[in-house]
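Below: the structure, in structure tokens.
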């Protein structure tokens, strides 16, 4: 079980996350959504242990994250960053092999090679094994980054906007991989997403963040209501049930300084 | 899309490919090592007094049997050989520092120069040469080598810590680190210029000779100190290879892979500064090796620091030894400062590599 309790994070004298509490269950895929600058990525980085909370704790299986050594943490929580390029050219195989860092000291054994090979097969990028990362598409790169995280063999997988800059095919593939990791392998998958429809369609639970606070959390149909979206995103929407999930259409922006209600509805 | 694991006992062609690549890299390292040995044999032969392979063999026999040295043997063991060993150590140290700094800053431009080590060391040396010459009234390059070296080392480290300190205040971004390096470098260069402007003729000559870089100061005494230092620091840095590898995908990824990025940065930066400044201290400013050797090595052996570091050290040693041999012999008996040769030969060669390469070895 992975949870945050009363978590706050301050940076440069400003609270960017305030009193956030949430539980992420095994086998669930959770999307963290919210407007730009709401604190989604901060929450994810606190979960990953990159940012030190000013208050509260991230707990993994009842143990505070800060008490777990970096190496052990790397065997329990993996992180897939937003699309980045390595500083120097790496092949796909080499990059995925980096995921074995928490397990290897120096030499790479047969077992490590087999794990990486199987992951590449599993994500259907084995032909790209020897390709350099700057020779492949953004979607393929994202899959390679996921493969690296999977090579860490962790129970929790965090993804920071995994679909940014991907075409619809890769968007679908990447999110489906995330969903399968939770549903078929029982891992805890947590991702920051911008696209509300995709978030509603692929996740079991949604955490809606606004102004550094968790505004609402629950099942997609509980979170994605016209009222919530109006308060958080300041837009009027039509929320309908489409053929493959929710369909959210923005009809008009809410006038600024109007009747926006800042109160937080926290259902915890 | 359906997720499936490969069933049964999976063939590991890709993994095996990686295995063969690893073997290939070890083979390449062996070849480079042999090239270094070849270069050593060549540079022992060449010089104002040139000698044949047979003479070289008889010298080794003389050394082993404890026979009295011939004149040629004396030249080799007391003049040529220390210089060769010094060139090798310096080449290795600068190249190693270059790889580490490029990996830490995730930037192909990083080198002992861009981080301010060289200009700091130059300032320290200038201070020692000018003030030392003024105080003791002796030729400091010949007499006070250790004073110059100590000063160069202290200021080289000082420069890097200033750079690192500035970057820390600004949350340690690598761009700030590099820019701060350029700024601090300029500051110390201005200091060197000022010292040059106000120094006496004798000191000025010494200073200019030091700034151009060379292995005049090569003595077994210095090597006894530098060799173990270089080897130990190299081994420490080599051990960090995996951590440096993960850093290439960014600090967050490295951190998520269990690397303490802050500690890694500080340790590796301190060690590589120690490596670069301690050799620069005795040889003066030798440009280009710290930048070029890592790039050439990446083209040969790839970016895995486990192989890149030794490869870069070998390339650095070979390049610097060749340059020094050219510097010694091309206008013999007149010697040219090796710093001039490394830049003169290195720059066009590097530009050639840039033009013919099929792949960007940085992004």
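Placement of Cβ uses the backbone N, Cα and C atoms for every residue, glycine included.
So that you can see what the record holds, here are the features copied from TrEMBL:
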TRANSMEM  B:26-47  transmembrane segment
TRANSMEM  B:84-105  transmembrane segment
TRANSMEM  B:117-141  transmembrane segment
TRANSMEM  B:148-169  transmembrane segment
TRANSMEM  B:175-195  transmembrane segment
TRANSMEM  B:207-238  transmembrane segment
TRANSMEM  B:266-293  transmembrane segment
TRANSMEM  B:305-322  transmembrane segment
TRANSMEM  B:334-355  transmembrane segment
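Sequence-distant contacts of the transmembrane segment (B:266-293), counting only residues of its own chain at least 6 positions beyond either end whose CB sits under 8 Å from a CB of the stretch, comprise 86, 89-91, 93-101, 103-104, 109, 111-113, 115, 117-118, 120-122, 124-125, 145, 148-153, 156-157, 160, 164, 209-215, 217-218, 222, 226, 229-230, 233-234, 236-237, 240, 244, 312-313, 315-316, 319-320, 337-339, 342-343, 346-347, 349-350. Here the transmembrane segment (B:26-47) has long-range neighbours at 53, 56, 75-76, 80-81, 84, 88, 300-301, 307, 310-311, 314-315, 317-318, 321-322, 324-325, 328-329, 332, meaning same-chain residues at least 6 beyond its ends whose C-beta is under 8 angstroms from one of its own. Between the transmembrane segment (B:334-355) and the transmembrane segment (B:207-238), the number of CB pairs under 8 angstroms, six or more residues apart, is three or more, so the stretches are in contact.
In summary, the transmembrane segment (B:305-322) lies against the transmembrane segment (B:84-105): three or more C-beta pairs, each 6 or more positions apart in sequence, are under 8 Å. Residues 115-125, 127-129, 132, 140-141, 176-177, 180-181, 184-185, 188, 210, 266, 269, 273-274, 276-278, 280-282 of the same chain sit 6 or more residues outside the transmembrane segment (B:148-169) yet have a Cβ under 8 Å from a Cβ within it. Residues 78, 82-83, 85-87, 89-90, 92-93, 96, 100, 122, 125-126, 129-130, 141, 145, 148, 192, 195-196, 199, 267-268, 271-272, 274-275, 278-279, 282-287, 306, 309-310, 313, 324, 327, 335, 337-340, 342 of the same chain lie 6+ residues outside the transmembrane segment (B:207-238) yet bring a C-beta within less than 8 angstroms of a C-beta in it.
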